[in-house]
């Protein structure tokens, strides 16, 4: 009988313990869900993902075969400069002439020496792996300050993109270098270091010209914050750095340098296009098609500047967008500091519009906007676009970029996804509160 009481006592004491552990597990599960849903936990999730990426990137370098595409050409072009050739028209590589600005030459000259004249591919891959991790860190800092994207999205941004890992550590393109410098400049803009931000923005342009797709948004932000006259010194930094970097080549052959490094009319091969595969090749190469894309690009930029970006600012009491040319102290409404979301939304949208109307997108161009897609999809509230649909859009874009060679269906799917994002950016309400402090309190 005493033994029966002892058994009942043990059972009675075990019941509260079981209830305690059940509650603890439920609370841990709820906190885990909160960790994945709430943007305020971005840095915690980012830390875990960066650690995971160290292992993934190391595995990719050692287990997946390196593919030679442009690295030898880069090294040959840089070697020509080292040997004393400063005429851009005389600098050639295995895949063609040097078509990138002077910043590319200096950065890849450093890589030339760091990799034993370009022969140590494994060292180059390790350097680009560090660059990839640094880029992720810069991107996560941007998302932390905007506080808009749920952290679960970052798992798809980091761990599922084969193409982006390939561009960084298996192909060694110059596009990742330009984008890393671009994200560094955006972080400086968010820190209100506009002079330094313009400096690194110009440095990114000097590596590859695609960074100019962000330029319309940056110009709008500079005019908004400083007015025309006060924005001129910042624009002078951008232009002056280009002159300083290109000076040795400008002194040798200015026309050759400008025509090669900033060639806006360069023709692309139809076989490599990712976005226009469903068109006949004759139409793809036709100048009228290129001009139509340029007109559509400029028109949509103007519409966003007039109707979306301008509406993100404080009410102007009847002032037009031309009021941005005035000194901020002379405007009817005192200016308010630009919030992180105003800066990021304007820059990312400007770049995305340019990509939508690009004459051609090659596979390495994916990094031009890959890390901005989560913000473009999640920063603007849209009831009709659920989390599942947004993930579906991300997945279709990734599938389109991983289809090789591109097909009519993959190109059409890519344009459909771009159209959905554009429609959301145009129709959606303001993607941020009126002040940065309110936005942080809300989370």
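Every residue gets a Cβ built from N, Cα and C, even glycine.
No curator has checked TrEMBL annotations; they are predicted automatically.
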Original post:
Which is it, of 248-267, 268-287, 288-307, 308-327, that TrEMBL names as transmembrane segment?
Top reply: 288-307
Subject >> Range from 41-61, 177-194, 200-223, 288-307, 365-384 with the greatest count of C-beta pairs under 8 A to the transmembrane segment (98-115) >> reply: 200-223
Original post:
Apart from its near flanks, which chain residues at least 6 from the ends of the transmembrane segment (288-307) lie with a Cβ under 8 angstroms of it?
Top reply: 216, 220, 279, 321, 349-350, 353-354, 356-359, 422, 425-426
**OP:** Please work out which recorded stretch in 41-61, 127-146, 177-194, 200-223 has the most C-beta pairs separated by under 8 angstroms from the transmembrane segment (365-384)?
**Re:** 127-146
Original post:
Do any residues of this chain, six or more beyond the ends of the transmembrane segment (200-223), have a C-beta under 8 angstroms from a C-beta of it, and if so which?
Top reply: 100-104, 107, 174-175, 177-179, 181-182, 184-185, 188-189, 194, 231, 234-235, 237-239, 241-242, 245-246, 261-262, 301, 305, 309, 324-325, 338, 342-343, 346-351, 353-355, 365, 368
